[in-house]
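Engineer: Here it is, the structure in full.
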Amino acid sequence: MNMKRIAAEYAVQYIEDGMKVGLGTGSTAYWAIQRIGERVKEGLSIQAVATSKVSERQAIELGIPIIPFRELDSLDVTIDGADEVNSDLDLIKGGGGALLREKIVAHHSKRLIIVADERKLVQTLGQFPLPVEIVPFALEWTLNALQRLDCRTQLRTDEEQLFVTDNGNYIVDCNFGSIELPFKLHNEILGIPGVVDNGLFIGRADLVVIAHYDGIVEVLKRK
Ligand SMILES: O=C[C@H](O)[C@H](O)[C@H](O)COP(=O)(O)O
């Protein structure tokens, strides 16, 4: 059973005719985009924006209408994946390097629906190294400042080259082990010059659709 696909396809039910939709990034969001593409072929009429070049390409290939950001003032719903989800529906995102565009799109969405398999559910965030997007200028100084927050840092690479985001920046994966106070950490990281954003999404998810191994779908709502 493909749990990611089950969660993603379930979430696509929330999309209705006429909606403005944000398309997430990653191997779970992929299935949501595929299903949206099928529904568009069946007659669903939506306007969409994508959180990465990869998702945009996928959407265009499927015939999903991608609209320039400037032509939309807000979105009705965004469906996206996550690397970790806790019981407050706080998230770590950015495993695929798309966290900045994802956070911008989430901010302008009336509803953010996260899709994931049950392995993503955690008690405490932080087992998954927190992705932080940084500008290339003076990157060693930014890395040092991140390390002073008590984490191990790893500059992300892709086939032995530095990984470059869709925005021309680098990603540092910060291993905190356990993040007890996510909001505090989020703000401390944002306080470092050179940091563009980080993968902590606090109080942003409205619904989390989790597919369990037995095929049962659980929908968690923000309290
Ligand atoms: O940058 C990538 C995104 O935040 C993804 O949504 C996240 O990494 C989850 O990806 P996946 O569904 O592939 O596990």
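Quick reminder: no glycine exception, Cβ is built from N, Cα and C everywhere.
Please treat TrEMBL annotations as automatic predictions, because they have not gone through curation.
The feature active site, proton acceptor is assigned by TrEMBL to GLU102. The substrate binding site annotation in TrEMBL covers THR25, GLY26, SER27, THR28, ASP80, GLY81, ALA82, ASP83, LYS93, GLY94, GLY95, GLY96, LYS120.
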Engineer: Minimum Cβ neighbour count within 10 Å among the binding-site residues THR25, SER27: which residue?
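Structural biologist: Relative to the other binding-site residues in THR25, SER27, SER27 has the fewest Cβ atoms within 10 Å.
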Engineer: Using a 10 Å radius around each Cβ and counting other Cβ atoms from all shown chains, which of the binding-site residues LYS93, LYS120 yields the largest count?
Structural biologist: LYS93
Engineer: Cα-Cα separation of ASP80 (substrate binding site) and GLU102 (active site, proton acceptor), in Å?
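Structural biologist: Cα of ASP80 (substrate binding site) to Cα of GLU102 (active site, proton acceptor) measures 8 Å after rounding.
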Engineer: Suppose we draw a 10 Å sphere around the Cβ of GLY95 (substrate binding site). How many other Cβ atoms does it contain, all chains included?
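Structural biologist: Counting Cβ neighbours of GLY95 (substrate binding site) within 10 Å gives 21.
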Engineer: Taking the centroid of the Cβ atoms of THR25, GLY26, SER27, THR28, ASP80, GLY81, ALA82, ASP83, LYS93, GLY94, GLY95, GLY96, LYS120 as the substrate site, which other residues of that chain lie with their Cβ within 8 Å of it, listed in sequence order?
Structural biologist: GLY24, ALA29, ALA98, ALA116
Engineer: What is the total of other Cβ atoms whose distance to the Cβ of ASP80 (substrate binding site) is within 10 Å?
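Structural biologist: So the number of other Cβ atoms within 10 Å of ASP80 (substrate binding site) is 31.
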Engineer: Sequence order is fine: just name those binding-site residues in THR25, SER27, LYS93, LYS120 with a Cα within 10 angstroms of the residue listed as 'active site, proton acceptor'.
Structural biologist: THR25, LYS93
Engineer: Look at each of the recorded positions, ALA82, GLU102, and point out the one with the fewest other Cβ atoms around it within 10 Å.
Structural biologist: ALA82
